[in-house]
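What follows is one structure encoded as structure tokens, with my remarks underneath.
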Number of protein chains: 4
Amino acid sequence: MCGVFGAFSASGNPVLEEVYLGLYALQHRGQESAGVAWIDGENQIRTIKGQGLVHLALNQAELSGIPASSAIGHVRYSTAGGSGLSNVQPLAANYCRGPVAIAHNGNISNASGVRRYLENRGAIFQSTTDTEVILHLMAHQPHKTELDALVDSLRKLKGAFSLAVALKDRLVAARDPWGFRPLALGKRDDVYYISSESCALDLVGAEMIRELDPGEILVIDTDGLHSLRIPVEPRRRYLCAFEFVYFARPDSLIAGQSVYQVRKELGRRLARRSPCSGNCVTGMPDSGTIAAMGYAEESGLAYEKAIVRNRYSGRTFIEPTQRVRELGVRKKLNPIRELIKGQSLAVVDDSIVRGTTSRKMVELLRNYGASEIHMRISSPPVRFPCYYGIDTPTREELAAARSNEEALCAEIGANSLAYLTETDLVEAIGLPACEVCTACFSGSYMEDGEKYEELDI
Amino acid sequence: MCGVFGAFSASGNPVLEEVYLGLYALQHRGQESAGVAWIDGENQIRTIKGQGLVHLALNQAELSGIPASSAIGHVRYSTAGGSGLSNVQPLAANYCRGPVAIAHNGNISNASGVRRYLENRGAIFQSTTDTEVILHLMAHQPHKTELDALVDSLRKLKGAFSLAVALKDRLVAARDPWGFRPLALGKRDDVYYISSESCALDLVGAEMIRELDPGEILVIDTDGLHSLRIPVEPRRRYLCAFEFVYFARPDSLIAGQSVYQVRKELGRRLARRSPCSGNCVTGMPDSGTIAAMGYAEESGLAYEKAIVRNRYSGRTFIEPTQRVRELGVRKKLNPIRELIKGQSLAVVDDSIVRGTTSRKMVELLRNYGASEIHMRISSPPVRFPCYYGIDTPTREELAAARSNEEALCAEIGANSLAYLTETDLVEAIGLPACEVCTACFSGSYMEDGEKYEELDI
Amino acid sequence: MCGVFGAFSASGNPVLEEVYLGLYALQHRGQESAGVAWIDGENQIRTIKGQGLVHLALNQAELSGIPASSAIGHVRYSTAGGSGLSNVQPLAANYCRGPVAIAHNGNISNASGVRRYLENRGAIFQSTTDTEVILHLMAHQPHKTELDALVDSLRKLKGAFSLAVALKDRLVAARDPWGFRPLALGKRDDVYYISSESCALDLVGAEMIRELDPGEILVIDTDGLHSLRIPVEPRRRYLCAFEFVYFARPDSLIAGQSVYQVRKELGRRLARRSPCSGNCVTGMPDSGTIAAMGYAEESGLAYEKAIVRNRYSGRTFIEPTQRVRELGVRKKLNPIRELIKGQSLAVVDDSIVRGTTSRKMVELLRNYGASEIHMRISSPPVRFPCYYGIDTPTREELAAARSNEEALCAEIGANSLAYLTETDLVEAIGLPACEVCTACFSGSYMEDGEKYEELDI
Amino acid sequence: MCGVFGAFSASGNPVLEEVYLGLYALQHRGQESAGVAWIDGENQIRTIKGQGLVHLALNQAELSGIPASSAIGHVRYSTAGGSGLSNVQPLAANYCRGPVAIAHNGNISNASGVRRYLENRGAIFQSTTDTEVILHLMAHQPHKTELDALVDSLRKLKGAFSLAVALKDRLVAARDPWGFRPLALGKRDDVYYISSESCALDLVGAEMIRELDPGEILVIDTDGLHSLRIPVEPRRRYLCAFEFVYFARPDSLIAGQSVYQVRKELGRRLARRSPCSGNCVTGMPDSGTIAAMGYAEESGLAYEKAIVRNRYSGRTFIEPTQRVRELGVRKKLNPIRELIKGQSLAVVDDSIVRGTTSRKMVELLRNYGASEIHMRISSPPVRFPCYYGIDTPTREELAAARSNEEALCAEIGANSLAYLTETDLVEAIGLPACEVCTACFSGSYMEDGEKYEELDI
């Protein structure tokens, strides 16, 4: 998963510090690397990129001193392409029509075919990311303006892409016709912002204007906003349900819905569907907390923060050596013994992927003296990999793909295990089922019939 | 505030990685610097120290490769002495009887007098910390063994000190006679641990044996534990109440009490003492969360996580430039608009120090459309500075010292403001009033009559 | 100016440390940056590059641990393209036929036209160097093998290029048809080396086999050596005379001539042509030392090292601040007062470029009490810029372009000034005049009639 | 060996950049570490220190921005004490009378006894250097002014010390009563400089006023110069002969003698004493070059620079791996084959220490085809270790201690080997024999009868 952010000041104020702050608010969408790009006064593309969390990869003070009035940024969690520095986004290039830089959230399904096509026409790729095909598609249309070349390139792509693109004197935002990933537009004074999630607009003090439509290309320049469309007509929409379940921050709005309230509703529905006889409810921090509160509210059980998360972890904690790991070191989560001993607990989490975390937590709670442990999952079983931008393991590694609920309950050692249904999930989100992607639960990927432009550059 | 940690393996296993993990769990007690010390196979004292958070200041992989079977560590938030690298603890020295290193939590009240005394006898101080007087007191007793010199040095000190001391073949833990700061002893297999808080014992998989008594000196060597006493008789005890209110982690036990449950009880008592008519209760993350849950439980109001904390902040976020700050950037906390608009909120926090944070949060909630805001504080007003190891501002800067409750309520812009009483606080802690330090609330500092040894080395 | 080095071990021994050492011996050819490239076991091109001297830009220990049996390296002093990190060589790319990396010494005269041609066919250039056109010329011939594509690309280039190229399982060396820059082949046991100068072969303990012919393409693989030719017939040759005068190390052989002995002969001829009445001869360290010894030998005057060079300078010494500079700080060279006071000196240098150094040295020697200063230059006046790989200033900045000898002598403040003639220079080198490039002295650049292939990819 | 430098501006100009430049000129005296110290406006001692060459250890730009009008500096090659960062000089401390920092060249013979004495009176040593005893001797005289304490401390020391000391508002230079190491005083405008060698005064544009007398303490303050004496009367003087033979730079003056001219005279005397029948003379760069010129002048043989030194080495070149080393890699020196093949060579070097370098060079020259090799050494055989500041190996490792000339000649493989006599050496230096230390040649160390003050602080 990744996050993109962009800012454009019509009156020429510097915006790179705000892009930094925006990326900071989107940190949960990618902790592997971060980068920013802008076009300088001499029409040269400039990038600053680094490995790790935003505050390690980039230098806020350095950015605040750069006079760029239009810029884009990216936080990355590698999905397509490896994790080397050449793959850190934004990707940038000077081609014959000028400078261009792209930040991309999602996964382009037909990237490898497009790449082969372009390489056979002389293209030299610098990275192994799917995103780079967009740059070369543009460069192979040297007779068109940059914007025309961009629009024509996007119609040749299949799959998920929410983009922030820096061109000379323009910032462009675009969202694939199927609407897989969110993308929001905000404004404060003379500055327009684009952001993967609305929570980053809040952080920079901007007001959210609206979300981009699927298939929309939004061009921002000193004249204001210009909305174009990718000329591809999708049969249906595929907004990712997992954004609501886990990925997005609770203080974001997606498709007009409050992620916090969707999550609480998931907990309430889970309590109705799968009640349990525990003494209290607790959530796996931080992913299960809000659904746990909904579960407690609906079930009438007491809600306790019985598992404490180390405030300073994040991705800063490397794995201890084997010797120390075997001692049972608990790096991120610590249960509070007094709240667990002798209790029957309902433990709510958002999902079970490999099953390892759940198994370890159940074991830990048993060691702390829990009498019963009832796992409650606020989404359906994850049985299929995602090809649209979330870094899921292969089918073989997915716990719910290899075991049914009963077997999995035994595997993780809980007294009971219950999931939410897909219907409950879609209803809690509040969109028609034909607009939500539930492929990781159901295996119903984007249909082959979906059209996109053939390659005939 | 600071944290100390130590480990001693009787069978010679390496312990530095566990000290690293211990410091990691104590990170909330000091984010300015971190360090470790041990005595190597050639009887030389060795230290590794750095600025910033534990994972930046120290290198876990490097530490795990060092064969030290006894070691100490320290996380620091500067109280006495400046923040330069020479002040980063553990402080270490080779004196004529051998190597010694000290990690110290607390504040030695008579340090400046002792320092002057020693300098007039030839001592050269390398740091500006109060802690260094212990090293020189030891060095000025060259005729005694290191342990005798240490005991004799501690009897000459007044104030707060919980210590971890590395000597040749021994680890020593000590706690001042008044018991200001906590210090716990744990064990796993053949390894003994000492830690400012029990939560760090949990993280390394150790079991807490007991807490050190005030005035106890605990010597750990290959023969096991040896308990000595500092020969000073205090009139009363002074366990810091603020550890329960704010400082300690909720999953720690102090004086046998669960910090989590004390905090929840503070919330319940606050609800009884100062009810309010809101629609829901929320807590300032993370300091007010648990008390807010207690408040909700007792009052029957719904509990909501209406303010989201950025998971990746901590001390990693530098201040934005003036220009950006004025735009209203919110770095750490983001309210969820849908939970606030039109609501009457009870907002629980642990304390009000300067008042700035409360004022900004009230303003922010009003901007998000809150109809009423009732501030509820789960401790008495902080009116006096702490001289025992917490970095409080001067009296002039303390909001509750310059304004009464009514004026302060107006100043921060809330609809109502209520504090807990000192009696409620002490009762919730569950210790006799004569064993708890409430100096920052009451101004009742440690009495002059308290004895300690005169300087006559 | 730049230097290239390559190594290929037929029996699979690691060679990167030897490439490092080779670059180290070629350090005088470029101090701005250094880099190495090789193709790893998974057929991926790998590079390590850095700014500054070889030992700062690269890590010898790291390189010695990498199992690459074929590799190339480069030291750079920027001539074409700026000095940013993207311009540091070797340049590398994965194109559709596989990985390729290039290290280049020289300057391709028709690079900008070729670049424009390629960009109009979709190419995205990553650097601003002339060298990158070779990569894109290859990529635009996807139907040919890498080696065929390389040969066909080189025939389209005009100007100076001595190349080391890494292909899968092959190391390729190539020299332009005009033979501007040197390139030598060496061998030790099973390892073949290519190097800009023979001195680097000495350092790695290799024996020089021969120099590459102008226009030769030498392919090294596990079967041994394969010699091809660039199918371009030059009218004459253009071996750079300045390599003998200044650039190459004295312990190198070029075109079969010892650079040391050529330089000494230049000094002897200078003494015959322009004798003087001084007490002793000294050379500007290090460029004028050997010619000064030849001058002393021929003239019978005593030779003294009257000017000492700081052993540790190089490019490590940044300019002092203006305040300190005005105090007359002498960073690199210090005259020995006792050898200068009251003496009449013949001072030999290899050339005068801007004139600044000479003027300062004359002034300094006067301050030290020299009675007379006779400047003797062991080459003709430099009146024209070089377009073939040496970083000379514009004509306006060349002292000998703006002033005749008499005026220049007055300008630098010497008692007399004398140059060598072009005829003496060419005779001392020992090659026919039609094989030596003296463009910087005479302005006779490579003729337009020289053919190279038209672009018709 | 080490080097010290100091600067004091009476009118308050910043001097740290000049101290940096001074250290740069003294780089040959120590390449292991470098540091500077000064006292800031708040009477605090400040130091900046680092490992490696001056330009790596210190940052010239940073230093030029610091407003210190009095400062000292040090370059170190460890002799006493290990090489850890705590041993990097200047050593600094704040003791009860204020701040003090010391830079020291030499070796204090009675340091370990003094240290034991002080530790038994409570001193905690921070380093393992002999120099630190001076700081503690001062601190144990708290009733005296800093200057009185310093003078009284120096009278208690035996052995070699040339010092630069920073006190509040004063710069102090001092030289031990026996005069082992040089120390010079210079001036430019309002700034006084002290420097281990006069060449560093040249570099900062200063004029050398005079050298300090043995036993002199020179105090520099805003009133000018004040000369005191260490109240110890030595029986004789011990100026190090090796400074002339090898250590000092040729452009320095020591005891009024030009090091360049002494070295050339050593070569001439060597030619008279030990002529040979070679075709030409060459010197080992850089240590034997000047003596080789003297040898050539006196013998009438041609002088050739037949061995080239890599201009960029120094201490920047780490040892290659064993595998590469065995290939015969030559990192620093490269002979010129054309000058050696078939020749009979006189090779002049300054000394033979372990014999390894000579043996390797002879072998290398034989490989290059030399017909005869006559080693000529411009000093007597080094048979004894130095205890006064030069880092010589133990007696067992000294080639001339274990073998006589004949055996050593065979060992290194030369056709002949000849040394200079001690008498010739002393006469070339031009001082009475009773003022020159030749202990490393003769074993005549400083006599026991030499007095110094007993310890009775």
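Cβ coordinates come from backbone N, Cα and C, glycine included.
Same-site candidate for [4Fe-4S] cluster binding, as annotated by TrEMBL with C:Cys240, C:Cys437, C:Cys440, chosen from C:Cys199, C:Cys280, C:Cys386: C:Cys386. What TrEMBL records for the Mg(2+) site is C:Asp349, C:Asp350, and among C:Ser287, C:Ser299, C:Ser371, C:Ser403 the residue it adds there is C:Ser287. Neighbouring residues of the recorded [4Fe-4S] cluster site, listed in sequence order and excluding C:Cys240, C:Cys386, C:Cys437, C:Cys440, comprise C:Phe180, C:Tyr238, C:Ala241, C:Phe242, C:Tyr388, C:Ile390, C:Thr438, C:Ala439 (Cβ within 8 Å of the Cβ centroid). Looking at the domain 'Glutamine amidotransferase type-2' (C:2-223) alone, the prediction's average pLDDT is 93.
Here the recorded positions are C:Cys2, C:Cys240, C:Cys386, C:Cys437, C:Cys440, and the one whose Cβ sees the fewest other Cβ atoms within 10 Å is C:Cys386. Least crowded of the binding-site residues (C:Ser287, C:Asp349, C:Asp350), judged by neighbouring Cβ atoms within 10 Å of its own Cβ: C:Ser287. Cα-Cα distance from C:Cys440 ([4Fe-4S] cluster binding site) to C:Asp350 (Mg(2+) binding site): 14 Å (rounded to the nearest whole number). You'll find the Cα of C:Asp350 (Mg(2+) binding site) roughly 20 Å from the Cα of C:Cys2 (active site, nucleophile).
Cα-Cα distance from C:Ser287 (Mg(2+) binding site) to C:Cys240 ([4Fe-4S] cluster binding site): 17 Å (rounded to the nearest whole number).
Across the structure, C:Cys437 ([4Fe-4S] cluster binding site) and C:Cys2 (active site, nucleophile) are spaced 18 Å apart at their Cα atoms.
Distance between Cα atoms for C:Asp349 (Mg(2+) binding site) and C:Cys240 ([4Fe-4S] cluster binding site): 19 Å, as a whole number. Annotated pair C:Cys2 (active site, nucleophile) and C:Cys386 ([4Fe-4S] cluster binding site), C-alpha to C-alpha distance, rounded: 14 Å.
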